[in-house]
Amino acid sequence: MTRDPSADSRISAEDIRRRKGGVPIVCLTAYTYPIARLLDPHVDLLLVGDSVAMVLHGHATTLGASLEMMIAHGQAVMRGSARACVVVDMPAGSYEASPAQAVAAARRIVKETGCQAVKLEGGVDMASRIAAIVTEGIPVMGHIGLQPQSVEKDGGYRIKGRTQDNIAALLSDAEAVEEAGAFSVVIEGTMEAVAAKLTRHISIPTIGIGASADCDGQILVIDDMVGMTVDRVPKFVKEYADLRGVIADAAARYAAEVRNRAFPGPDHVFTTASAKDKT
Ligand SMILES: Nc1nc(=O)c2c([nH]1)NC[C@@H]1CN(c3ccc(C(=O)N[C@@H](CCC(=O)O)C(=O)O)cc3)CN21
Ligand SMILES: CC(C)C(=O)C(=O)O
Ligand SMILES: [Mg+2]
């Protein structure tokens, strides 16, 4: 049940673009209908990240995400959100080959999910893909710095902007993404001072993750933020809740009550004496 998909009350990519330098833009990932329902009132932007392949599907890296996977989760998030700008990650292998491949994948994502924008990883090297998608009328969010889809090429998740060469490359990437027409850009896993410098250097909003409080907005993976991630969480994550603990405790109490026959109790079964049956 998509809530009012045509309503212009939904935050657009252009609305996000206009928020450069203003109140920080609040972003989180979302992969499912119930989480989209819960987060939508609190955030400006929901990202259906390809991190879904790791966080929900148990793949070792985001390279396990497919176009079909991203579309299925994008549809679920759109059904649960009414207000946020919804952005869907383009998975590895769906846009690198050519601008034409990128346009075909972006069109399919938007057509099948109704999302507001797509995101892809890369700077100077992927600027032609961004420009081609934007020309089709589909807003694009960039993603520079630490690019998880390049984890095999980089030999791990390495923080960027530690050397002068690296800083110059990041500045070129930020410029290229802006010039290609992106409405905003994620800056992931960079030295703090570099993220702040990139934010001042370009006129589109920067969304930081493991970056800097001086970015124009912040994003985290929802499961990390609520303490649901079972694998090691990156250093930059702040856990605002302990859902692992809440779920483990609930499972332990349920298991004990099933074993000692305390569950189901009188309120959880149908008998002629129970009020529930009189409806
Ligand atoms: N659950 C989850 N949350 C994330 O934020 C996230 C993922 N998964 N998977 C894809 C990427 C990978 N992320 C990461 C993971 C680790 C570091 C990190 O701590 N890097 C250290 C160690 C590098 C190394 O081992 O070589 C660094 O100093 O670079 C950074 C970003 C962020 N992304
Ligand atoms: C964390 C963000 C930026 C992301 O790309 C993802 O979740 O896939
Ligand atoms: Mg991603």
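The backbone N, Cα and C atoms fix where each Cβ goes, and this holds for glycine too.
The annotation active site, proton acceptor is assigned in TrEMBL to E188. E188 (active site, proton acceptor) falls within a strand when secondary structure is assigned with DSSP.
In the three-state DSSP classification, S51 (3-methyl-2-oxobutanoate binding site) falls within coil. The Cβ neighbour count for S51 (3-methyl-2-oxobutanoate binding site), using a 10 Å radius over every protein chain in view, is 22. Look at TrEMBL and you will find D50, S51, D89, K119 tagged as 3-methyl-2-oxobutanoate binding site.
Look at TrEMBL and you will find D50, D89, E121 tagged as Mg(2+) binding site. In the structure as shown, the Cβ atom of D50 (3-methyl-2-oxobutanoate binding site) sits within 10 Å of 30 other Cβ atoms.
The 6 Å Cβ screen around ligand 1 retains S51 from the binding-site residues D50, S51, K119, E121, ordered by sequence position.
The candidate set comprises the recorded positions D89, E121, E188. Of these, D89 has the most other Cβ atoms within 10 Å. Not one of the recorded positions K119, E121, E188 has a CB under 6 Å from ligand 3. By the rule that a residue counts when its Cβ sits under 6 Å from some atom of ligand 2, the binding-site residues D50, D89, E121 yield D50, D89. Spacing of K119 (3-methyl-2-oxobutanoate binding site) relative to E188 (active site, proton acceptor) is 13 Å (Cα to Cα, whole number).
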